[in-house]
Amino acid sequence: MGDKEKKPLKYRILTYGCQMNVRDSETIAGLLEGSGFNQAEDLSEADLIVFNTCSVRHSAENKVYGKLGEIASLKKKRPELLIAFGGCMAQLPEVRQKLKKRGVDVVFGTHNIHELPYLIARAKEKRSPVFEVWEKEGSIVEPLPSCRKPGLSAFVNIMFGCNNFCSYCIVPYTRGRERSRKADDIIRELEELAAAGYKEVTLLGQNVNSYGRGLGEKIEFADLLYRANSVAGIERIRFTTSHPKDVSDRLLQAIAECEKLCEHIHAPLQAGSNRILQRMNRNYSREHYLKLVERMRHYVPGVSITSDLIVGFPGETEEDFLETLDMVERVRFDAAFTFLYSQRSGTRAAELAEQIPLEEKKQRLERLNRRQYQIATEINQELQGSIQEVLVEGPSKTNPQKLTSRTRSNRIVIFSGGKDLIGRLINVKITEAKTFSLFGEIFNE
């Protein structure tokens, strides 16, 4: 056997979508490295390219297909190149049908990531494509290897799937029903992260408030937070996402009492009109949401509240849209992720009449963003002169001569300082505020 053949194969993972996919890609990397692969510096030297995909919006799918076209032309020059395709798009039958003509060697789903090394070996042995996607979720497989990038912050899954079936959302169909990880497994992972030098963790779930249901033991999300708060070495804890319909007082009390829990709650409103909320199957009203905001600010003074907002949902009138703008005024979100409604085949909303023209959706999005950005700027300006505790993350991407850091309320703060501060919690005085970031200077009492 020649020297060339002895070299380990190299892989590259292309990740699209949410934090759940980022975490899945870390697991995929761990599985591949456990099978003898090494990570490639770039696509040109990879023997295996893995797509970990998102199907929440058409734009995400279009990016994937565009990149897949690029890789297919690369494969014509290098026929031995293997392409694996996973993530939420792989769960959709119509996508799998398209992939049969795209030069893909392995297709795997969200429920059988752990099988990837075996599927790759099968494809190489058969010299023909292997499509293996589980339609139904199985039991959670623990433990799985992981290959996280060195750093300060880490994502930790606490549950998988979703039972809410919002009418616009494909996630319950691609991620399956809710399954919670055992609390002991989660705490063990947090302890391992602390031992590896991570300072901050973000607990992930489609709806973290549902954590514990179906576990067979009496535990809810607040109980898990109290346990996580006691893990030595972890200095900050975040979580996402919270469904507004079931944020309990006990959860809010846990945020108030646990010193490591950051004062930031992402509670997606999605729309401000009760009629549209009902069509979305969100199971709460604008009045419920406003009371929730009152409760959040009562239990956690100064809490940062962020949201997702969708414009152009089928049947949304100008009056419905104005109600969303009104909620933005009333709540005054610290930040909001805003989206055009994206019609997803297989969801109930896709079958609704009165689909809104694209140009009208874009105009509404522009109006919404304009006002939300003004509010975010105003809130940030109120922080000028304040002292904020920040976790120093590293050199700023926009100005490597400065450091970037993050407040407990999840705001970016740029300041001047030495690299010895990276990884530390320090106090910074805010000197300037913009829409998406703050600027400051080290504060020494």
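Every residue, even glycine, has its Cβ placed from backbone N, Cα and C.
What Swiss-Prot annotates here:
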BINDING   Cys18, Cys54, Cys88  [4Fe-4S] cluster 1 binding site
BINDING   Cys162, Cys166, Cys169  [4Fe-4S] cluster 2 binding site
DOMAIN    9-125  domain 'MTTase N-terminal'
DOMAIN    148-378  domain 'Radical SAM core'
DOMAIN    381-444  domain 'TRAM'
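Overlay of Swiss-Prot annotations on the structure.
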residue : record                          : Cβ contacts under 8 Å, 6 or more apart
Cys18   : [4Fe-4S] cluster 1 binding site : Cys54, Val56
Cys88   : [4Fe-4S] cluster 1 binding site : Gly17, Asn21, Thr53, Cys54, Ser55, Val56, Thr110, Ile170, Val171, Thr174, Arg175
Cys162  : [4Fe-4S] cluster 2 binding site : Cys169, Val171, Pro172, Arg175, Arg177, Glu178, Gln206, Asn207
Cys166  : [4Fe-4S] cluster 2 binding site : Gln270, Met280, Asn281, Arg282
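In the domain 'TRAM' (381-444), helix, strand and coil residues by DSSP number 4 helix, 32 strand, 28 coil.
Excluding Cys18, Cys54, Cys88, which define the [4Fe-4S] cluster 1 site, the same chain contributes Tyr16, Gly17, Met20, Asn21, Thr53, Ser55, Val56, Ala60, Gly87, Val171, Thr174 within 8 Å (Cβ to the Cβ centroid), listed in sequence order. Apart from the site residues Cys162, Cys166, Cys169, the chain places the Cβ of Asn164, Phe165, Tyr168, Ile170, Val171, Pro172, Gln206 no farther than 8 Å from the centroid of the site's Cβ atoms, the recorded [4Fe-4S] cluster 2 location.
Computed over the domain 'TRAM' (381-444), the whole-number mean pLDDT of the model equals 97. Around the Cβ of Cys169 ([4Fe-4S] cluster 2 binding site), a 10 Å sphere holds 20 further Cβ atoms from the protein chains shown.
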